[in-house]
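Visitor: For reference, the structure I am asking about is given below.
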Amino acid sequence: MGAPKQKWTQEEESALKSGVIKHGPGKWRTILKDPEFSGVLYLRSNVDLKDKWRNMSVMANGWGSREKSRLAVKRTFSLPKQEENSLALTNSLQSDEENVDATSGLQVSSNPPPRRPNVRLDSLIMEAIATLKEPGGCNKTTIGAYIEDQYHAPPDFKRLLSTKLKYLTSCGKLVKVKRKYRIPNSTPLSSHRRKGLGVFGGKQRTSSLPSPKTDIDEVNFQTRSQIDTEIARMKSMNVHEAAAVAAQAVAEAEAAMAEAEEAAKEAEAAEAEAEAAQAFAEEASKTLKGRNICKMMIRA
């Protein structure tokens, strides 16, 4: 085991990034066994590498090491950067103060964008898997890094992604093998890619990925006139109506967040069990090899 609570050095972080570039995320044991990195990471375990990479790649706020980790993941697959591709959050009613903030946050240029069709999160997942074309499929970290790199995702994107991946696997749209996801051969990729790619053009954005207060499958894109109409309707509400709508939105958000959190916990538990089983299998294999060598020596 590694040394817990020991601060990571810059040299160790660089070795971890180089190892991920060379072997891919999730190959912690392979990175530790690689002579190129074992001399630097000898104090670290596969769990240490996994936790450090997760902290580097999915920090909740700011750029910092999160942006550095994105650059490291980007080097594993060469993708053309879609300039200014972003998704702005479409918020539900929460309070009068938030309504005022939403008014300023959703303002667009003098030329209002045309009406755009609904965008599904599963289309973005299919786009990521089809574009990366990794052998054996893509893991959750790689898929999330691709979507976050190409579009602006909400803070709770990791939990939404875990829930959506679990749903797509259960309904047969994705196949999960060794914590990697791939698209079955019978699934038409062109329709998914058209849905994911056809709506992200131009510099001004009012679209969004699902947040806890929106449906996990679809988010409606609104034109400026629709936004103005909605704001006018909100201003005409009395205090009791606004409070009731806000309370309902908060309740729906809490329910969605609880469901997503439960799904994320189940996924993490399954991942931990798989790693434990892999470690046990390796130890059992070593023991069996040792016994076979002893038997051969006795027979000789």
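Cβ coordinates are placed from backbone N, Cα and C, and glycine is handled just like the others.
Because the structure is a prediction, the values reported are computed rather than measured.
Dumping what Swiss-Prot says about this protein:
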DOMAIN    1-58  domain 'HTH myb-type'
DNA_BIND  28-57  DNA-binding region
REGION    93-119  region 'Disordered'
DOMAIN    117-185  domain 'H15'
REGION    185-213  region 'Disordered'
COILED    241-290  coiled coil
Visitor: Kindly report the helix/strand/coil residue split of the domain 'HTH myb-type' (1-58) according to DSSP, in that order.
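Guide: Secondary-structure breakdown of the domain 'HTH myb-type' (1-58): 36 helix, 0 strand, 22 coil.
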Visitor: Which whole number is the mean pLDDT over the domain 'H15' (117-185)?
Guide: 83
